[in-house]
């Protein structure tokens, strides 16, 4: 696998402005400080940070009794007239929350545009979603949001969340996502009786370098929405909380160590969907995303929450930040090649690829292999693997296994050995191991010489899958130990995830609630 030279992405407004293969990965955030910045952080850590942290905690504790009293006896299913004392509690909570953000260095919140009334736009679509600090506009408007059901059981925070009447999604309830979409429809079509719903349609946090794919949940009701933009124009980006990068507490610590943190909220004009968009939530979502991307001056890239599975997967073959597999995953999802891929399907594909061993396909042959018409997406996939106009289809099957089974790297390697091994002894040689590992990591090169010699301790010139597994048990960090990559693999900052887990949860405060339908690729604006 190599980085393509072709243009793979569509820029804002649909212009053919490709993104470099070394573009900034939206799911990765790196922080680098100058010596002077490190000195400032050290000073603030022992002076300003503890004061701010204690004051912010005090403000949350102060808000709790007000939120508790306001939620006692309130129906969760029916909207009630806003009594004078609940209205007063609403004002008090907004003031307390504003004081909490002020104590964290968010001294001014610049607001542009006019917020629409609930009767004008029942749903607010907020982007880009990059941090738990995105809760600032939520506390300013007290709009309802979509939350993971587990959030309501968090002490203090759970009570504050209940006050804004969120919609909870339960991962243990298989029907929870459908129920959430139905609840959004019910509230959005109440003619302004319910509070506005604020939704982060990206469904996960990014570093704000682009707008990734919007989930259709906010657009299924087919009602007018108001796009809302979030900006953090700070000298240092201590805000972003992505799947690879600083963890939650480090983000909090570094942000509270800044003298001032800027935040801008811009309300764009209300977007009323056409009849076609009402029938097609994916088209509706894509068109709203284009408007927001244009206002932000950001690119549109069709990565989605699903790609976080690749970014957060741990293990010896954890993907580096410059992996090409995110792009590969986007393309196969766009063509529908990922839908319905099971272990059995992958083994069948591996058998087909093994039968073609030694035969390298051109782009026409690859198109026929996929049973797909010759499209730009097919050519883009081909360009990820081709050398001198030809490709080995075994690399495609290996990459497909990685994106479909990101937490089961050992099974992917076993599948790769099955495709590449010699029939007489089930072994692979050094060059074949290099192809397997660089394809599994989605990189252009992999230094395998020292690694292969370490595995091939008997100097046979070839190794089996069992040899590789035995070596892996003794040296799980072989990629770094043997300097196989030119730069180290960053460690994910989220909670530990076992290889058996297949569905990550969001890393922001909004839950992924979109129905589990097969992914639909974005449609062009008419």
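Here the Cβ of each residue, glycine as well, is placed from N, Cα and C on the backbone.
Transmembrane segment is the annotation TrEMBL gives to one range among 17-40, 41-64, and that range is 41-64. From the options 453-489, 490-526, the stretch TrEMBL describes as region 'Disordered' is 490-526. Long-range neighbours of the transmembrane segment (41-64) within the same chain, counting only residues 6 or more positions beyond its ends whose Cβ lies under 8 Å from a Cβ of the stretch, are 33, 93, 96-97, 99-100, 103-105, 156-157, 159-160, 252-254, 256-259.
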